[in-house]
Amino acid sequence: MVSYISSGPIVKVAHSKPSSRRDGEKEMGTVAVRNLKKRQAILEAAYQLFRTNGFERTSMSAIVAVVGGSKGTIYAHFGSKEKLFVDCMFSVPEYSMARMLEGLRAESNDLDAQLREFGESFLRLACTSEVVSVRRLMISEAQRGGVGRMFYERFQTFQQELASFVSRWMAHGRLHRADAHIAATQLRLLLEAEVIDPLLLCATDGPIADVDVRRMSSRAIDTFLRAYAPKAVQTTEPAPQGAPAQFAPGG
């Protein structure tokens with residue numbers, strides 16, 4: 001307590017000690033780090049169990065047995081087993097997807113280069129064994145507790161960013177103006193078109209070679225650019241409907 005003398009009675013004003021405030025902030029930071037580490041440990045343990053045993057045969061008790069703590073701690077972090085499952089599955093591609101979005105947000109005057117860099121990164125990620133396994137597992141469990149819808153909704157952030165990228169280039173006149181969300185979906189599906197079925201159905205002879213990833217990505221981007229090339233500006237008015245065709249003399 002610090003005393004100040006005024007024209008009236010002594011007024012005592014309470015101040016927090018600077019060191020106490022710093023100690024409190026430091027403690028809050030320590031707790032936050034500890035919570036993040038605990039959350040990550042739960043994700044890693046649950047991911048391995050879900051991949052090995054599937055959703056139904058993985059219990060919260062089994063996760064606790066690996067990571068320690070209690071089921072209450074898991075529910076405090078994730079809310080439900082379904083939410084934990086989706087977070088586990090989405091954590092696999094999340095970092096790589098974030099890096100791709102950084103590339104899409106970057107200022108550039110070279111549409112072709114940006115598209116090709118994105119295409120190779122996206123397809124390379126889609127072909128990894130971990131991502132393929134996650135997609136198989138998500139498809140097999142999609143109807144259970146709404147996990148399919150939850151995963152789909154999580155993916156929409158990435159989809160919207162891709163649509164925003166396409167929309168910017170449409171606004172600059174480098175791509176034909178159309179529904180950017182549909183164009184972004186078509187771009188993504190073109191990139192996977194040659195390889196997604198054999199990957200999901202275990203019909204490949206082994207990992208997809210990087211040279212094949214580059215070739216497939218290049219073909220997909222070529223197709224996308226042809227489909228969304230800016231329309232030629234029409235310089236003459238079309239003939240009225242039903243008007244006779246005009247032929248050049250001697251034609």
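Cβ from N, Cα, C; glycine included.
These come from TrEMBL:
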DOMAIN    36-96  domain 'HTH tetR-type'
DNA_BIND  59-78  DNA-binding region
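Averaged over the DNA-binding region (59-78), the predicted model reaches a pLDDT of 94. The DSSP breakdown of the DNA-binding region (59-78) into helical (H, G, I), extended (E, B) and coil residues amounts to 16 helix, 0 strand, 4 coil.
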